[in-house]
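Report on the following structure.
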Amino acid sequence: MLRRFSVYVIPALVALGLFSGLLREILLAYIFGTSRELEIFRVAFGLPSILSDSLAVSFVSILIPVLVMGEKSHPAHALRQILWATGAIAVGVFFIGLITMPLQARLLAPGITGGQRTALINAGYLCWGMFLMVILSLPLRAAMSVRGKIWPGASAQLMRSGGFVIVLALFVFAIGQRDVTATAMSALAAGLSVLLVHIFAIGKTGRRRVMLALSAGPNWDHLRPLLLPLGLVFLTQILLSGGRLMDRAVASNMEIGTLAVIEYSYALVMAAAAVLGTSTNLILAPRLARSLRDTGRVTAQHKRTIILVTGFATLAGISLSLLATPIVSIVYENGTFQASDALRTASVFRLHALSLGPIVLALILTQVLLISGGQRLTFVISGIKLAIKAGVLYVLIKSGYGLGGIAISLAITELLMAVILAMALKWRSQVQR
């Protein structure tokens, strides 16, 4: 009965997360339209947001097997291990993000200069705080997932986007502050809400276990085997995020509003991918971990599920592409966001939406590879993906495709990524036999 309930409630929570994410985009469009101020926030928010989203799934995929292996013998030791390892990575990346923020501003948005760059850097400091809060919640999410409590992880996007909307609305409509600092503060508050929800959801007994594990201190000899795959996954996600960061860097050198248009389109397609890919991963990850532990392989039932989800995502992407103009107009065209902005955004979203099937498939296959212990192989593949993206984007821009070239490069790159991942999993399966 509980499993049947989870099958329905998890996608529902993720769908609510999608809805709150759309509310965030609608609010940003209403307040800022495609202005330079919004583009400054997008760049500041970009890397911390992308990493916290992608690492959430990837880290949990690594942490769950550690807990599963330890649940029969040393559950307290396993909990201590994942708490301290994740905390070390989170704090380390947080400080690196703060220190390198001026460099990030130069590399990720070369077209934003002067006082606008200073505003970007200051906003980035706050957004890295959001990253820290979200990552610190992940060991709690993994611990609850192993025990069958999946809703906190599934509701994370709802808490994050919903918290952002509430705080930004207070800044704008109650205080009257409409600037980059208000949006960055909203992001920080949203990250804090995710951590607080996880602390509450784990329960009194869970909080006591966490405090005991933290008070015992780190055992670095036991942490090293976990720090390596977590660190490798972080570097992998940097590479996997590189394509979107390239899009922003290229767009920042085009006319004002181009970067904003790309991000509005990305928000729509990635929200759809999150509903399909993330909800599938949340349900499959614990089962895949146990299946790999007990049988050493992915079952035929799991393979069928992946195929069905990918097929549905492909059809959904085609439908979204055909309906791009009315969807963008309904969602965004209000307030500061004008009809001309809607037309430009729809032209990008029409191409982005065709990437939905490959994006979802690549997301799921990446997690399968991580759960099976293929962190190093994933790292290599992510580097290949970045090289493909750079090459495809360069050729399309040089060929004069402009804004359309940026959109087309996503579909080509994600399709090739999915093919490479499928080949890698098949090769890995044959080697392990």
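Cβ coordinates come from backbone N, Cα and C, glycine included.
Outside the transmembrane segment (7-33), and at least 6 residues removed from its termini, the chain residues within Cβ reach (under 8 Å) are 41, 150-151, 154-158, 160-162, 164-165, 168-169, 172, 178, 183, 260, 264, 267-268, 271-272, 274-275, 278-279, 282-283, 331-332, 334-338, 341. What TrEMBL records for 7-33 (among others) is transmembrane segment.
Residues 77-79, 81-82, 86, 93, 97, 104, 108, 123-124, 127-128, 130-131, 134-135, 138-139, 141-143, 145-146, 153, 156, 183-184, 187, 191, 226, 229-230, 233-234, 236-238, 240-241, 244-245, 248, 274, 278, 281, 285-286, 289-290, 292-293, 363, 366-367, 370-371, 373, 375 of the same chain lie 6+ residues outside the transmembrane segment (45-70) yet bring a C-beta within less than 8 angstroms of a C-beta in it. Residues or ranges marked as transmembrane segment by TrEMBL: 45-70 (among others).
Packing against the transmembrane segment (82-99) from elsewhere in the chain are residues 47-48, 51, 59, 63, 66-67, 124-125, 128-129, 131-132, 135-136, 138-139, 142-143, 210, 213-214, 217-219, 223, 226-227, 230-231, 234: each is 6 or more residues past its ends and has a CB under 8 Å from a CB in it. What TrEMBL lists as transmembrane segment is 82-99 (among others).
According to TrEMBL, the transmembrane segment annotation covers 119-138 (among others).
Among the features that TrEMBL reports, transmembrane segment is placed at 158-176 (among others).
Taken from TrEMBL, the feature transmembrane segment covers 182-202 (among others). Residues 28, 41, 44-45, 48-49, 52, 122-124, 126-127, 129-134, 136-137, 140-141, 143-144, 149, 151-152, 155-156, 159-165, 167-168, 171-172, 175, 210 of the same chain, all 6+ positions outside the transmembrane segment (182-202), place their C-beta atoms under 8 angstroms from a C-beta of that stretch.
Residues of the same chain lying 6 or more positions beyond the ends of the transmembrane segment (223-244) and with a Cβ under 8 Å from any Cβ of it are 46-47, 50-51, 54-55, 58-59, 62, 66, 81-82, 84-86, 88-89, 93, 266, 366, 370, 375-376, 378-379, 382-383, 385-386, 389-390, 393, 409-410, 413. Annotated transmembrane segment per TrEMBL: 223-244 (among others), in sequence order.
Per TrEMBL, transmembrane segment is recorded for 264-285 (among others).
Remote same-chain partners of the transmembrane segment (306-331), defined as residues 6 or more beyond its termini with a Cβ less than 8 Å from a stretch Cβ, comprise 22, 25-26, 29, 264-265, 268-269, 272-273, 276-277, 280, 339, 342-343, 345-347, 349-351, 353-357, 359-361, 364-365, 368. If you look up TrEMBL, you'll see 306-331 (among others) marked as transmembrane segment.
Residues annotated as transmembrane segment in TrEMBL: 351-370 (among others).
Residues or ranges marked as transmembrane segment by TrEMBL: 377-397 (among others).
Residues 243, 247, 250-251, 254, 258, 261-262, 265, 344, 347-348, 350-352, 354-355, 358-359, 361-362, 365-366, 368-369, 372, 374, 377, 381, 384-385, 388-389, 392-393, 396-397 of the same chain, all 6+ positions outside the transmembrane segment (403-425), place their C-beta atoms under 8 angstroms from a C-beta of that stretch. Annotation source TrEMBL lists transmembrane segment at 403-425 (among others).
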